[in-house]
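Engineer: Structure below; questions to follow.
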Amino acid sequence: MAQTRKSSSGSRKKSSKSRSSKARTTNTGNNRKAEPMDVALRNEIVLIVLFAAAIFLFLCNFGIVGVMGNTVSDVQFGIFGLTAYVMPPAIFFMIAFGMVNSGSSIAARKLVAGVVVLLLLGIVFELFTGAPEAATEYQIGEIYKRCGSTHSGGGVLAGSLAYFCYHFLGLAGTILILVVAAIISIVVLTDKSFVSGVKSGSRKVYERSAEDAAYRRERAKERRAQQEEERARREEEKRIRAEERENEKILRMDKKVSGVMIDTSLTAKEEWTRERDDIHEINLTDFEEQMEEVTGRTPEENEESALDNQSTFQFDKIRINGAYTEEYEDGYDELSEITELFASQEDKGPVYKKNVPDERVFEDYSMGSRDEYAHEPENISGQEAAKAGGKKAWEEGFAKEKPSAEMPFAAGSTGDEQCNAAKNLRMSEKKPVPKKYIFPPLSKLVKGKEKGGDSTKELKETALRLQQTLQTFGVRVTITDISQGPSVTRFELQPEQGVKVSKIVGLSDDIKLNLAATDIRIEAPIPGKAAVGIEVPNKENMMVALRDLLESKEFQGFPSKLAFAVGKDIGGKVVVADIAKMPHMLIAGATGSGKSVCINTLIMSILYKAHPDDVKLIMVDPKVVELSVYNGIPHLLIPVVTDPKKASSALQWSVAEMNDRYQKFADFNVRDLKGYNKKIETMQEKGEAGDLKKLPQIVIIVDELADLMMVCPGEVEESICRLAQLARAAGLHLIIATQRPSVDVITGLIKANMPSRVAFSVSSGVDSRTILDMNGAEKLLGKGDMLFYPQGYSKPARVQGAFVSDKEVSDVVEFLKNQTLGNIYDTDVQEKISTIGNAAGGPAGSGEGSERDQYFVEAAKFIIEKDKASIGMLQRMFKIGFNRAARIMDQLCEAGVVGEEEGTKPRKVLMSEEQFERFIEETL
Ligand SMILES: Nc1ncnc2c1ncn2[C@@H]1O[C@H](COP(=O)(O)OP(=O)(O)OP(=O)(O)O)[C@@H](O)[C@H]1O
C-alpha cells in the first residue's frame, strides 16, 4: 500500500515538474516574441528624443532658446566651429542611418566618410580664419575659446587638425590632402567612380569638340559654295554686260538704231517748218534734179558712175582683205581664189614674197607648162624650195617661161598692180587657158589654236598627286618623265626595287579616283624602257587641225604620194604614215569615236599630196552621207558607191584589176607597180610606149564594212581577202572602217589579211581585242583619240587624230571640182563594174547563181587526190573565203563526191578519180 502511495506521490511530483517546466517554456516563448518589439520601440523612442535634441541644438545656434541655449551654442561652436550649424541634423541623420543599417559594413564606411567630409569642412573654415597660420604653438583651449566666442573657425577637432596639417605640410600640402580626402569621401559616399567620371567627361569634351569641328567645316563648305555661286553670278553678269556691249557695238556698226522714230517727213503742224523755207521734204525726182545741177550729168549717167565706183570699191575690198567675199559676183571665183592664195602666201614671210611666188598659181594662169615644178613636194612652198636647192632651177624655169608682162600677181608688185592684173585676168577670161591640176591651197583649211593643254604647274600637281596616291598604297615611285600630248599626258614612273608592276596595274581604279580622271591607261612596262607609263586625260583638250599637220615639214617632206597625216602622238610629234607601206588598214571604233573624220583626213592628205594621175580613189559609202561630198573630185575613179551590191561589184572589179596588173607585170618582167611605171617612163622617153600609160596607185576606201557584210558577206569577204593578200605589189590599198568590231564583220580572214589597224574608242575590252588583239581601246577618250597600230610598229601608239571639218572638206572639194579637168570618171571602169553587177559570176565570180562553182571540178579532184575533205583546205588551196568554200563543199556533197557532215569528223570521200571522171563526162 505504502509503495503504491509512494509511486502515486512520485507520479504527482513528476507531473507537477512537467507542468512547471511547461509553464517555463510558455513564459520564455512569450519573452522571445516581445523582445524585437521592445527594440523597435526603444529605437523609435531614442530617435524621437534625438530628433528633439537635434532640433533643440539647431535652434540654439540661432539664439532663440534663451541663455541656456546660448551657452549650449557656444559649446557647439567651440567643438565644431562653423559646422555647428549643420552638426545637430547631421548627427541625428547619422545615428538614424547607423541604427537602420546596423551591422552593415557599407553603412559604416559611409558614416565614416560623412564624418570625414564634416571634418574637412571644419578644416577649410579654420584655414579661412587664418588662425593656423597666426598660431605659434598649439593651444587647444585657445581654439575652443576662439571658436566658441566668435562663432567661426572649425572648432577644437577640425582646428587642431588644421593646425597640424598647416604646420607640417604647409598650405599647398594641406589643400592637396583636403582635395584627395574629399574626393575619396565623395566616392565612398556616392559609390560613383571618379576615374570613369573623368573619362566620360573627357570623352564628352572630345565629342563636343569633334562636333564643333564638323560644324565649322560644314559652315566653311557652305561659305565656299556661296562664294563660288557669287563669283559665278558675277562672272555671268560680266559676260552678259560684255555681250550687251558687243551687241551695242554691232548695232552701232550696222547703223541700226533702236528707239528712234524713222518717220522723218516734216509735217505742217510743226511751226518752224513754215518759218524756214530752206527746209522741205525731198523726193527722188528732186534729188535727181539737184544731182543733175551739181554734176552736170543725167540720172542715167550718174547711176553708171555710181556702179563704177561701187565695183572699184568692191575690188579694193577684196584686195585688202585677201579673202573671198560672198557678195562678189559670179565669174570672180577664180580671181578670188588667186587673191586668197596670194594673201595666204604673203603671211609666209618676206623670203617667199620676194623670191618665190606660188608656182601653182602661175601654173594655171601662165602660158607655159610648169608640170615639173607643180607636183614636187619641195615646190609647195617657196622657202622649202629654196632650202632644197630647187630655188635656182625654179627661177630659171620661171624666167624662161614667164615674161614679167604675163605675171598678173608677180610677188612684190603693189596692191594697185595686183588689182589691174586681176582686172586684166577677168577681161581675158574668155581666152582658152590650158587647164592643169592645181593643188588645193592650204588656206582652205583652218589653222589650229597655238595654245592649249594643261599648264606646267597643273602637270606637276598631277604628277605629285599620282606619286602620293601610289605611296599611300605602299608603292614608291619616281616620276622620270612627263610628256604632254594633245589630249592625254603620259607620266613615266620608275618603281623602286621590289615593287611589282602588276601592283601598279591593279591600282588603276584608285589612281583614277584620286586624280578624278575619266579614264586612265597604264602601259606597264613601256616597251624598251625601265618605266611604267600612266596616261591621264588632259583637263583641256587640244584639237589637232589638219592644216597644222599638212604644213609640217614631216608631211611636206614625206617621200610617198600616199602620205597620211594621222595626228599627233603623246609627245606632240606629228605622225605621218605611208598608206603604201601599210598596205591595208582596218579602222574600227564605236559610233561617234572619230572614224569618219579620220577617213576624211586620210582623203584630204592624199588630195594635198598626190596628183590625180598618180593616185586614184574608189570610195564605198553605204551610209551615203559620209563620203558623197567627194563626188566630182579628179582623184575619183568612179563616183562614190553607195549601193552595197554595187560596192561588192567594185571590189570584184578591183580584184580583176589586180589580176590584170599582175599579168602586165609578168609581161614586162617587173615585180611591182613601181618597176612597171619606171619601165613605161623609160619607154615613153624613148617614144616606144605607144598606148601604154603609167598605172596609178588605187586606194579603196570602205566606210562601214558591216553594211556591206550584211548584204553580200561571201563576195565581200572573198574580194577583200584576195585584195588584201595580193594587192600590195599591184598598188591597190584597202582602207576599211567599221563601227562593229565583232567577229561576224571583222572575220578572222579579213583580220589576218589587214596588218595595219587603227582602234578608236570602243565600249569593251572584247571589242578592243577584236581589233588590236589586245586591250586598251576601251580606255580611249573618243573624239579622235586612237591607238594607231600600223604594220611595222611593235605596239600601238596613242595618237590624237587630226580634225577636219565638213566645211573645210567641202571647200577643198569645191576648189577641185571648179578645175573642170574634163570627164573625170573612168567610163571604162564604170562599165566594167556594172557588167560585173549584172552578170552572175564576173571575172572573179563566186559562181553564185550558176549551177556549180568554177572551182568545183578542181576542188573535187583535189579532195579525191588528198582523200580528205575539209573546207579550210579548200580555202587555203583556192584562196577563197569560208562561205564560198562551204558552198563548194555542199555542191560536192550533192554530187556524191563527198559524204554528209558528221559532226566534228571530216566528211568521207566517196568517189575515186575514175568515178569522178565518169561523173564529169555524164553531167557536165
Ligand atoms: N580628231 C578629232 N578631233 C576632235 N574632234 C573629233 C575628232 N574626230 C572626231 N571628232 C568629234 O567626234 C564627232 C564624231 O566623229 P565621227 O563622225 O568621225 O564619228 P564616227 O566614228 O564616224 O561615227 P559614226 O560611226 O556614227 O559615223 C565629230 O563630229 C567631232 O566632233
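Each residue, glycine too, has its Cβ placed from N, Cα and C.
Here's the feature list from TrEMBL:
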BINDING   GLY589, ALA590, THR591, GLY592, SER593, GLY594, LYS595, SER596  ATP binding site
COMPBIAS  1-10  compositional bias 'Low complexity'
COMPBIAS  11-22  compositional bias 'Basic residues'
DOMAIN    571-769  domain 'FtsK'
TRANSMEM  45-65  transmembrane segment
TRANSMEM  77-99  transmembrane segment
TRANSMEM  111-128  transmembrane segment
TRANSMEM  161-189  transmembrane segment
Engineer: Of THR591, SER593, SER596, the binding-site residues given in the record, which has the fewest other CB atoms within 10 A of its CB?
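Structural biologist: So among THR591, SER593, SER596, the binding-site residues given, the one with the fewest Cβ atoms within 10 Å is THR591.
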Engineer: Neighbourhood of the ATP site (GLY589, ALA590, THR591, GLY592, SER593, GLY594, LYS595, SER596): other residues with Cβ within 8 Å of the Cβ centroid, in order?
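Structural biologist: Same chain, not in GLY589, ALA590, THR591, GLY592, SER593, GLY594, LYS595, SER596, Cβ within 8 Å: GLN739, PHE760, SER761, GLY782.
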Engineer: Would the transmembrane segment (77-99) count as touching the transmembrane segment (161-189), if touching means at least three Cβ pairs under 8 Å and pairs must be 6 or more apart in sequence?
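Structural biologist: No, the transmembrane segment (77-99) does not contact the transmembrane segment (161-189).
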Engineer: List nothing but the one residue from GLY592, GLY594 whose Cβ has the fewest other Cβ atoms within 10 Å; the candidates are the binding-site residues.
Structural biologist: GLY592
Engineer: Are any of the binding-site residues ALA590, GLY594, LYS595 near ligand 1, with a Cβ under 6 Å from it, and if so which?
Structural biologist: GLY594, LYS595
Engineer: In the structure shown, which of the binding-site residues GLY589, ALA590, LYS595 has the fewest other Cβ atoms within 10 Å?
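Structural biologist: Output over binding-site residues GLY589, ALA590, LYS595: least Cβ neighbours within 10 Å is ALA590.
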